[in-house]
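Swiss-Prot lists 12-32, 49-69, 77-97, 106-126, 138-158, 165-185, 195-215, 220-240, 263-283, 286-306, 342-362, 393-413 (among others) with the feature transmembrane segment, giving sequence analysis as the kind of evidence.
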Amino acid sequence: MTDLPASVRWQLWIVAFGFFMQSLDTTIVNTALPSMAKSLGESPLHMHMIIVSYVLTVAVMLPASGWLADRVGVRNIFFTAIVLFTAGSLFCAQASTLDQLVMARVLQGIGGAMMVPVGRLTVMKIVPRDQYMAAMTFVTLPGQVGPLLGPALGGVLVEYASWHWIFLINIPVGIVGAIATLCLMPNYTLQTRRFDLSGFLLLAAGMATLTLALDGQKGLGISSRWLAGLVAVGLAALLLYLWHARGNARALFSLNLFRNRTFSLGLGGSFAGRIGSGMLPFMTPVFLQIGLGFSPFHAGLMMIPMVLGSMGMKRIVVQVVNRFGYRRVLVASTLGLAAVSLLFMFSALAGWYYALPLVLFLQGMINSSRFSSMNTLTLKDLPDDLASSGNSLLSMVMQLSMSIGVTIAGLLLGLYGQQHMSLDAASTHQVFLYTYLSMAAIIALPALIFSRVPDDVGTNTVIRRRNRSGS
């Protein structure tokens, strides 16, 4: 990559910083949630909406980001994404109520939704095809470092400054990134087909209303009638999308994707699997601080082994799947993740704190093998004309299921806690015990889906490269 022009290398640095900002923000908030709750005068049971609002917005906006970049230009959209993300960070830091913070996170999510996919498109357009893989490795490396630094950095800032600084640190980086984007990045555009606005609005309405309805009456503060209305609107929107997409060649996501059995199994398993996995990064730091009395910094450090395990497993996951096949790896890793989650809970309640980093490292390894296997299984048999659409749908489902997972985790805490998180330690431990038992059951359920995957031991699991795939 050293033989690339200096201007292209600078453009790759801009994209890399965008990836870093977005990935850092997905984990830096988790450690700060209990401190935020205390500062805002809210129950910790309601703080999951800070994560849900961001991740759900990313899921809703993802389908439009690539089309906007092609239509308006990658520089214009990437600049807009950085500005929105930075402005959202400023508003988050200034928020004095939970509602204000949630709205600011929505603005952040709009920027974050455009930053990563548009960054991938930028690399695709500025780098020669034979150097694309090396360039993508370079720009995605900061995106892998972000989740590693996020929990510890969040803990340091909360413990030695205040939670506001987890958002304020984005502002100078965002300003420099926005200026560099305007000065250095070319504004590539492409001829685009007409955007399926109707399909986009229907899917967005369905995802948003059904996810919010999961939060229930206590989380939203609405009557049963309004809650039923949300569910009805969400279901109607999804049914209308199916009717809209049937036989529609310009649909946002073609229904022909689901004629491929492997794609259908992979997407269904990914959706269900990531609901369970999405609970863990939210619940772990909350349990460590509220249930065990860890400081924010200590809780943040405890999350690092999970990320290290995830990064380490990526190096060998292809060999593992080639050796044992998708079905065995996915079923075993799904049941294993449920078991390790319970092992973490019982080790913590037994006071075996020295074992927790090892358990979290193992949890990260298992989670990484599931994620990689689910992604490749879903896309591996799609024809080239459906690969881009299938990859976009998978990306959207990944974000949606994570937001649902965090919502359900918050719902479980509320169900078992009943606003009594400040009682004696034994009662608090009981709340988290019941929550983790329920989570383990939810994490294990996708094994039923993965058990239907055809046995493919000995076949090559590597996906051939797609021109427009975002994977």
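For all residues, glycine too, the Cβ spot is worked out from N, Cα and C.
Long-range contacts of the transmembrane segment (263-283) within the same chain, counting only residues at least 6 positions beyond its ends with a Cβ under 8 Å from a Cβ of the stretch, are 27, 30, 33, 48, 51, 55, 257, 303, 306, 330, 334, 337-338, 341, 363, 367, 370-371, 374-375, 377-379, 381-382, 390, 393-394, 397-398, 400-406, 408-410, 413, 435-436, 439, 442-446, 449-450, 452-453. In this chain, the transmembrane segment (286-306) does not touch the transmembrane segment (106-126); fewer than three CB pairs sit within less than 8 A of each other, excluding pairs fewer than 6 residues apart. If one looks beyond the transmembrane segment (195-215) by at least 6 residues along the same chain, the residues whose Cβ comes under 8 Å of a Cβ in the stretch are 49, 52, 56, 59-60, 63-64, 67, 71, 227, 230-231, 233-235, 237-238, 240-241, 244-245, 248, 250-253, 400, 403-404, 407-408, 410-411. Same-chain residues lying 6 or more positions outside the transmembrane segment (12-32) and placing a CB less than 8 Å from one of its CB atoms are 1, 4, 50-51, 54-55, 78, 81-82, 85, 89, 108, 112, 115-116, 119, 122-123, 126-127, 135, 138-147, 149-151, 153-155, 157-158, 163, 166, 170, 173-174, 176-177, 180-181, 184-185, 281-282, 284-286, 289, 296, 299-300, 303, 307. Tallying C-beta pairs under 8 angstroms between the transmembrane segment (77-97) and each of 138-158, 165-185, 286-306 places 165-185 first.
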